[in-house]
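Visitor: Quick one: the structure is below, and I'll ask about it shortly.
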Amino acid sequence: LNAFQRLFSARQLCACRRCLTRSPRTWLAACVLLVLCVHYLLLLPRPLLTANSDAARQRLAGSAGPADSRDGSSQRGSEGGGGNSDSGTPPRHPRLQFACRRSDAPEWPVDLGPLPAGQLKLRSDAKILLLVDNENGPVTRQLINLLEHMRLSYKTAPTWKPLPHLTSSDRGRFGAILMDSLSAYLNMDRWNRGLLDRYCRDYAVGQVAAMLASGGGGSGGVRRRRQQQRRRRQQQKLYRNGRLGDLPVWASPVSIGDLINSSSSGSANIGIHVSRLSPVTRLTKSGILAELPLPGDTGAGHWMTFNTSHEGYGYVAWFKSSNKANGDSGGDRLATVLSDSGRYDGIARVIFGYDFSPWLHAALLADALAWTSRGRFAQSLDRFVQVDIDDVFVGPSGLRMLPNDVDALVATQRRWRSRFGLSGFTFQLGFSGRYFGRGNPAENAGDARLLTLRRHFLWFPHMYKHNKPHTYAISPHHSGVYPVHEPLYAAWRSVWSINVTSTEEYPHLRPARRRRGFVYNGVRVLPRETCGIYTHTVRLADYPRGQQRLRQLVLGGELFHTVLLHPICVFMTHMPNYANDRLAYYVFDGLFNFLTCHTNIRLRWADPQRLATLYFNSAHREERQAPLWLSPCADPRHREIWAGPKDLCARLPSLLIVGPQKTGSTALHTFLSLHPQLLPSIKHPRTFEEVQFFTDPNYAKGLLHYYSYFNYTREFTVNFTVDPGARPIYFEKSANYFDQARVPGRVKALLPSARIVAILMDPAQRAYSWYQHQLAHGDPAATNYSFYQVITSDDAAPREVRQLRHRCLRPGRYANILKRWFRQYRPRSVYLVDGDQLRNSPAQTVHRLQRWLGLKPQVDYTQLLLYNKRKGFYCYRPVLSDLTVERRPRCLGKGKGRRYPAIDEASLAYLRTYYRHDNAQLYKLLRRHSYKPPGWLLALQNGGKPVA
């Protein structure tokens, strides 16, 4: 057919038709030719027939125009390519082929009835509870990776421990239950299992679980052996008579050797049939026969198959066994994905008989979460795709585009628009005019051809030497977008009016599933995806780690997962990818064909402005704000492209005093500043010694703003001949860091190895001290309301009273707050100061702290801190540059050590009751992490009696 279409144009075919109407002999010859063509087509292999018929439809539709003979995806032979040439003849290039097959197996009956609505019809949050039997197992890692791909919020909890709180007031905390091991769920203790099942019935929450023939590996040593022994006992208990616990389902393992088929390409694989009637399939196309490559080690060589006769269960996917003796009443069909509509026990379930490494199981997992959650976790079927071509006109001779490559670029746009539904699709070309016309004569002709057809594409500036304004840009060498270079954003906004860009560096290049967008200085930054081809990958035969690696990346690999699970994808390619072997067509033609064949995804295209609007309208709140600032020194790529001060990493603080407020944090900051090795931050005219960078709105000001607090020179007075290992330590203090929910994560991201110091004093006394502080500053709520009225007020009180109550009470809930810090930093990196000891004996307290920090030399603070009877607090004597001590002491400001009446008995009794549970949790937390509880906490736990 290809040769026939190349021989005759559309006009010649029309003339042939007129000829056929006049001569009966010609009619007879045409009929014979038609019969021979049909006979030839029937003898062709199925994938080749599909590929040729698709190409024929495209040519007959005329979608590619006169440039079709040079099109990058037209049939030019097998997967082998040729190089570029100076003659301008179209090079042969590879095409990725696969079998797109439909299932011809008889359909099994499924339950199409509605899911249970829940007994109480209560609401639940859009969060997933991930119950794991093996916290470090391969199935757990696969589930976490897929949830991060789908950008779903989740909480991980082990099955052998008590369940987390499932409800909050009248709302459920989780909208779906996901489990890495169904056997662990079925063997949970009766109390936890009953709580979980009742929650699922009351809140109409479904369950999704994997059932493996044998568990995957975990951490080594004793813990791993214990896990294996526990799973072995669970399996032995579970497989009595083959029934899955109390469910009406029977399971049996099947060897992979019984499932291996031979594909049309001759490679061994597993063919799985997807039901045409199952209500679970949404992203996954129903009625397909998916050919999966042989799995790795995570399944131990076996799949689980299921059998049931209950009418509430349905078969979502099954395969045919080569050993019919293992089959059931349905012949040689073995179900591997099972759905439960909830008729049996009121809980909707989807059970997988293998892990989630096959691409089909990843797609069905997204469908299962959407089905069991009644659409709460359902994603749109639309996938917006944008393809950027960086470094246009850039490249050495031999890697640049020829005129036929440019024509193929235009033809590919037209073909993708008509074939894949990408209406209006247009390549985005990165203009680098400085390198125009620097190739050989044929390549210079390609540059000229590209300018002739320039109106067929959209262009964006890829160099800084541009005068024409744009709205979308990519910085050269990927520098300045992230880590953020503030002058670049200012120039983009004021000079070129650019408000959309993209980067693959936020927060890191790898792993790709964690890339996110952000907004900074009015510029919306979209996450950019890589597609496995770069500037150096121009020929398929030379692809790193072999051609099979690229094939796996496209057909069910990382690239497939990116489009399957991300609603908006901006792909980065380069000009050499569209010359030579034209690997860009190899990748995207194969990807789009694979998606069209196996999924219900609708490919779409939109310009960068609309893409940014769509992305940030549906993104999480964190992505619509400033980015999470990471240390440029922690990532080698970030360190290489960082355009800011090169001494930033040396200036960032490694010690933070986080408060809370009114616990003596200012005094501790002042006393530590006396040590010559500790360099405090520069004072701010409004917040004084507090930087407050990690709280809003200062966090949006960026790294250079934070750097400005430590960009100073102070003589370092430690004698390096005596202490050669001593280095200056920058530190800062901000008392409002302690109880802000987002601060621990922000601090950990920028200062991963920092040390944290917090001060714990009696929360009742701290709350009263804060009220007196606000009263001294003329706060209207403190002036018009007593302390007891403030702390006992409800939500109907005036707004200023509620805010004051919040600031009085919340920072004193130490247990919950410290748990947030311990999730980011190990307890050995967090130092807790007893607030009463800091007030009564600061010299001993600071001396213990300097030993914990390992400071050199050890300063004798008994000579530096003196008690002031008039002020009722300790003052200090500064250390001079020659390490001598100033004779005249200095005291803190007049607002420090303020005297006020004692707290009234009613307020104290109320606060003791309010903090009783929190103090008990704090005591357990400190004991668990080997901290010595403060004296006031020991006294409260001892019934109010002082502890020596």
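Just so you know, glycine gets a Cβ as well, placed from its N, Cα and C.
Found this in TrEMBL, in case it helps:
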TRANSMEM  27-44  transmembrane segment
REGION    60-96  region 'Disordered'
DOMAIN    125-209  domain 'Heparan sulfate-N-deacetylase N-terminal'
REGION    215-236  region 'Disordered'
COMPBIAS  222-235  compositional bias 'Basic residues'
DOMAIN    272-371  domain 'Heparan sulfate-N-deacetylase N-terminal'
DOMAIN    471-560  domain 'Heparan sulphate-N-deacetylase deacetylase'
DOMAIN    654-916  domain 'Sulfotransferase'
ACT_SITE  Lys662  active site, for sulfotransferase activity
BINDING   Ser769, Tyr874, Lys896, Gly897, Arg898, Arg899, Tyr900  3'-phosphoadenylyl sulfate binding site
DISULFID  Cys875-Cys891  disulfide bond
Visitor: Please report the distance from the Cα of Tyr874 (3'-phosphoadenylyl sulfate binding site) to the Cα of Cys891 (disulfide bond), rounded to the nearest angstrom.
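Guide: On Cα coordinates alone, these residues lie 7 Å apart.
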Visitor: Since the record lists Tyr874, Tyr900 as binding-site residues, which of them has the fewest other Cβ atoms within 10 Å of its Cβ?
Guide: Tyr900
Visitor: Measuring CA to CA, name the entry from the recorded positions Ser769, Cys891, Tyr900 that ends up nearest the residue listed as 'active site, for sulfotransferase activity'.
Guide: Ser769
Visitor: Whole-number Å only: compute the distance from the Cα of Arg899 (3'-phosphoadenylyl sulfate binding site) to the Cα of Cys891 (disulfide bond).
Guide: 15
Visitor: What does the DSSP secondary structure composition of the domain 'Heparan sulfate-N-deacetylase N-terminal' (125-209) look like, as residue counts for helix, strand and coil?
Guide: 31 helix, 22 strand, 32 coil
Visitor: Just how many other Cβ atoms lie inside 10 Å of the Cβ on Ser769 (3'-phosphoadenylyl sulfate binding site)?
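Guide: Ser769 (3'-phosphoadenylyl sulfate binding site): 20 neighbouring Cβ atoms within 10 Å.
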Visitor: Taking helix as H, G and I and strand as E and B in DSSP, count the residues of the domain 'Heparan sulfate-N-deacetylase N-terminal' (272-371) in helix, strand and coil.
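Guide: Going by DSSP assignments, the domain 'Heparan sulfate-N-deacetylase N-terminal' (272-371) contains 16 helix, 38 strand, 46 coil.
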Visitor: Between Lys662, Arg899, which of the recorded positions has its C-beta surrounded by the fewest other C-beta atoms within 10 Å?
Guide: Arg899
Visitor: Could you give the mean pLDDT over the domain 'Heparan sulfate-N-deacetylase N-terminal' (272-371), rounded to a whole number?
Guide: 83
Visitor: Count up the helix, strand and coil residues in the domain 'Heparan sulphate-N-deacetylase deacetylase' (471-560) according to DSSP, in that order.
Guide: 31 helix, 17 strand, 42 coil
Visitor: Quick one: pull the CA-CA distance for Cys875 (disulfide bond) versus Ser769 (3'-phosphoadenylyl sulfate binding site), whole Å only.
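Guide: Here the two Cα atoms lie 20 Å apart.
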Visitor: Cα-Cα separation of Cys891 (disulfide bond) and Tyr900 (3'-phosphoadenylyl sulfate binding site), in Å?
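Guide: If we compare the Cα positions of Cys891 (disulfide bond) and Tyr900 (3'-phosphoadenylyl sulfate binding site), the gap is 19 Å.
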Visitor: When you measure from the Cβ of Cys891 (disulfide bond), how many other Cβ atoms are you left with inside 10 Å?
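Guide: The answer is 16.
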